[in-house]
Amino acid sequence: LAAGAMRAAGLLLVAWALLQPAGTQQCHPAGPATVLRFTDRHAEIRVPALHRVPSPLDPLYGLVRRCLDLIQQNPLPTELLRAALNDPGSVRTSQVVQYELGYVVCAAVALLFTVAVPVAGMCFCYCRSRRRCGGRLRAHRRSLGCRRHCLLACLSFTSLVMLISVTCAFVTSQRVKGQMEPGLGAVPTTLRTLRQHLANVPQGVQMVVDKFEVPRKQINSDLGGLSRSVGLSIHTQLKAMTYAALSDLQDRAADLQTSLHHLQILDGTSRALAAARAELEPALRERRGRVIALLDDPRCTSCASALGRAQSLELGADYSKVPSVEKVLKAMAGLPRSDFAEMIRQGNGTFNSIPELAVERMAQVIQDLREELSHTAQKVQSIADSFPLPDYTRPASEALVTAEERSRPYLREVERFEHYRWITGTVLCSIILLILACNVMGMALGAYGLSKREDPSDYECRGEAGAKFLLVGVGLAFLFSWLLILLVFATFLVGGNIQTLVCRNWVNQEIYKFIDTPGNLPPSMNLTRQLNLRRDSNLSATYRECKSGAGLWEVLQLDRSYDLDEHLKTPKYTADFQKRLGDFTAHLGDVRLLRSEGRQDLETFARSGLDEVDYGRFQEEMKNPVVQTSLPGLARNLEGLQKMQRNSTVAGRLGAEARALWRMQNSTVQSQEALVAKLGESVQFLSRLAPHLKERVKRTLATTASVEARLPVQAQQILRQEIGCFTRKELRYFTQYLNWVGQTLREDVASCQPLATALDNGRVILCDRIADPWNAFWFSLGCCTFFLIPNIIFAIRLTKHFRPIRNRLISTGSEETCPFHIPRVTALKL
C-alpha cells in the first residue's frame, strides 16, 4: 500500500509539472545589495547656505522694522535710482528729499535736540551760578512728601528704562561687531568660491564620469555568476517533473523485472506441484486401502469412529488444471534487453549536469558582454567630452574676479567705519551707565539722608551728597547729549536706508524687478551680458531657476542648446548590451530519459498477455488442500486407537500406519504446501499488477516522451526568463548611475544653485545678521538719549528735596512735624 501511495504521489507530481506553464516564476526580489553606493566625492567647492537664526531680540528687531516702515512708507524709487545710475548729474535734490522725507523729519528732530539740549544745559549752568536752579525749597508744604515720592518714582522709572535700553544697545553693538567682520569677509570668500566652482566644473564632470566604474564592477560581478545561476534555476524549476518521470520509469522497470520473476516462479511451481501430485497419488491410494482394511478388522476395538476419515483420504488440489503461462513467458523471453538502471542513471546525470552545461554554453556570450561594457564606458566618457560649460563660464568668472577686486576697498572702509562706531558707541553707552550710576547713588544717599534728618531745615551731609550726584548726572547728560544724538542719527540714517531701501525690497523681489527692467542699469552694469546669461532670460528668472536646482548650462547663453536628459537616456548606453543578451540562445534541456530499446521492452511487456492469464483459477485451486483429509489428524487418531487395543498385533499395525502417515506428511505433503505458499505470493503480485499493466506502461511511456519533449522547451523559456530578469537588474544599475549623474551635475558639480545661495546668503548677512542688530542699536541708544530729557528734569527737581528747607513754616497738619515739637533756632546755610 505504501509503495502504491508513493507511485500515485509521483504521478500526480508529474501531471502537475506538465500542466504548469514554463516561465511563470517571478524574478528574484532585489535586495539591498542591488542599490549602488557612490562615494560622496562631489564638487569640493561649496557655498554653504546661511539661515536666519532665532534670537531673543527678535521682538526688538520686529519693533524697529515696523518703526522704519512708518518712517519710510515710499516704495522703491525706480525713477530716482535709474537717474542716479545712468546720469548722476540729473538727480535733483528735491527728488531725494521727497523720497527721504521721513528721514528729513527725523533729521530736523535730531538737529533740534542737538541744539536745544546743550543750550538748555548752558542756561541751567547760568541759573545755578545765579543760585536760581537746583537750590532749596523755600517753604514746607503739606504735599512735599507726596511730591518727593512721585519724583523718586519717576526718576527710578526713567533710570530703569535707560538701563534696559543701554543694555540692549551694548548687546546689539557687540552683535554688530561680531557679525560685521565675518560678514565682510564672506563677500570675497563667496565670490572666490563661486569662481572656483565654475573653474572646477570640468574636473567635477570627469569625476562623475569616472564613477561608471561602480556599476561596471557590479555588472561584471553579476556576469560572473550568471551562467551558473541560469543553470541552477533551470535545474530547480524542472527537477520535480524530471525526477518524477525517472521515478515512474524506474517503477515500470521494477515491474518488468518482478513480473518476469513471478511468472517463472508461477510456471515452475505449477509444474512441480503437478508432478508431486502424480507421485503422491499411488502412495496415498495404497496407504488409504491399508488403513481402511485395518480399521475394518473385527479385532480392532472402537475403530469405526476413524473409518470415515480414512475413507476420505484422497488427493485435493490438482494444479495440472491451472492455465499455462508459457505463452506469456515466451513473449517476454529475453527481457529486459536494455539496462534500465544504467539508462536512468545516465538520464539523471545528464539532467544534473545542466548547471555545468550552462556555464560552458554561456562562456562566450559573457565574454562578449564584458567587452560590451568596455565600449559602454567609452560612450559614457562622451558625457564629459561633450559637456559645453568650460567655454561659456569665462565671462562669469571674469565678472566675479572684477567684483572681488572692486569690493575690497569698500569693505575696508566699512570695516574702519564700524570700528569707529563700536568705539564711540561703547564710550557713550558707558557714559549713560555713569549717568545712571549717579542717579542711583543720588537717590540712595538722598533717601538715606532724609530718613536720618530730624528737622527739614537741618543740614545733612548725605542728603547733600545725593543732590550733588544727581547734578553730576545732569551735567553729564547736558554735556554728551549732542554726541549721543549725532551717533543715533548717523547710525539711523545708514541702517534705516539699508533696511527700507535694500532689505525690504530684496525680500519682496523688487530689487530683481528693477534690475530686470531694461534701461534701469547702465550698459557697464548689464549683468545678463557680464554673466553670459541666456538672452531670453533675466536675473529674476535665473535666480528662480537656480533656486529650484537648474544646471549652469540651462541658464547660460550657449551656441547650441544642450539637453542633459537626452545625453542620459538609458537606451543610448544599454542597447547593444541588451541586444546581445536578447539574442542569446542555448540548448540546455536535451535529456534522454528512455532509449528506444527500453521503450520496446516496456511495449513488449505490455503486449505479453500478462493481463490475460486467469489468476482466479490459480486462487481457486490454492483454496483446496493437498490432501482432503488431514494426515496429522488421522495419524493422531490411529495413535489413540493403538492405546485402546487389547490385541497387540492390531495395536502394532495401528502404530505402524500412524508412523507411515507422519512420514508422508513430513516428506511429501509439507513440501507441496510450501510450493503452494510460494505460488500464492506470485499469483497475488501478478493478479494485482495485471489489470493496470497496460495503463501504467502506456502512461509511463507517454509521460517520459512528454517530459523529454518539454524539457528543452521549458529550459529555453526559463533561460529567456532568467536572462530577462538579469537584463532588467543590470539596466537598473545603468539607470541608477545615469540618474545619479544627472542629479550630481544639476545639484552639485555643474549646479547653478550656488549663485542663488550666494544671493540668499548676502541677504541673510546684510539684513538679518548686520542690519537688524545695527538698527536695534540706534533704536536702543535713541531711547536712552530721549529719556535723558525727563531724567534731567526729574533729577533737578529731586535735588531740592534732598537739601534743607530755606524758610520753614509750622503746620499742625504737616506730616513732617509733630504737634508738640518746639522748634529751635538753627543756622541755615544759604
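For all residues, glycine too, the Cβ spot is worked out from N, Cα and C.
Annotation comment: TrEMBL describes 1-24 as signal peptide.
Marked as transmembrane segment by TrEMBL: 101-129 (among others).
What TrEMBL records for 150-172 (among others) is transmembrane segment.
Here TrEMBL flags 422-448 (among others) as transmembrane segment.
For the transmembrane segment (469-494), the residues of the chain that approach it from at least six positions outside its boundaries are 103, 106-107, 110, 113-114, 117-118, 120-122, 124-125, 134, 421, 424-425, 428, 431-432, 434-439, 441-443, 445-446, 774-775, 777-778, 781-782, 784-785, 788, 791-792, 795-796, 798-799, 802, judged by C-beta separation under 8 angstroms. Annotated transmembrane segment per TrEMBL: 469-494 (among others), in sequence order.
The feature transmembrane segment is assigned by TrEMBL to 776-798 (among others).
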Which listed range (101-129, 150-172, 422-448) shows the maximal number of Cβ pairs under 8 Å with respect to the transmembrane segment (776-798)? 150-172
Beyond the flanks of the transmembrane segment (150-172) by at least 6 residues, Cβ under 8 Å: 57, 60, 425-426, 429, 432-433, 435-436, 439-440, 443, 447, 773-774, 776-777, 780-781, 783-784, 787-788, 790-791, 794-795, 797-798, 801
Apart from its near flanks, which chain residues at least 6 from the ends of the transmembrane segment (101-129) lie with a Cβ under 8 angstroms of it? 70-74, 474-475, 477-479, 481-482, 485-486, 488-489, 492-493, 496-497, 785-786, 788-789, 792, 796
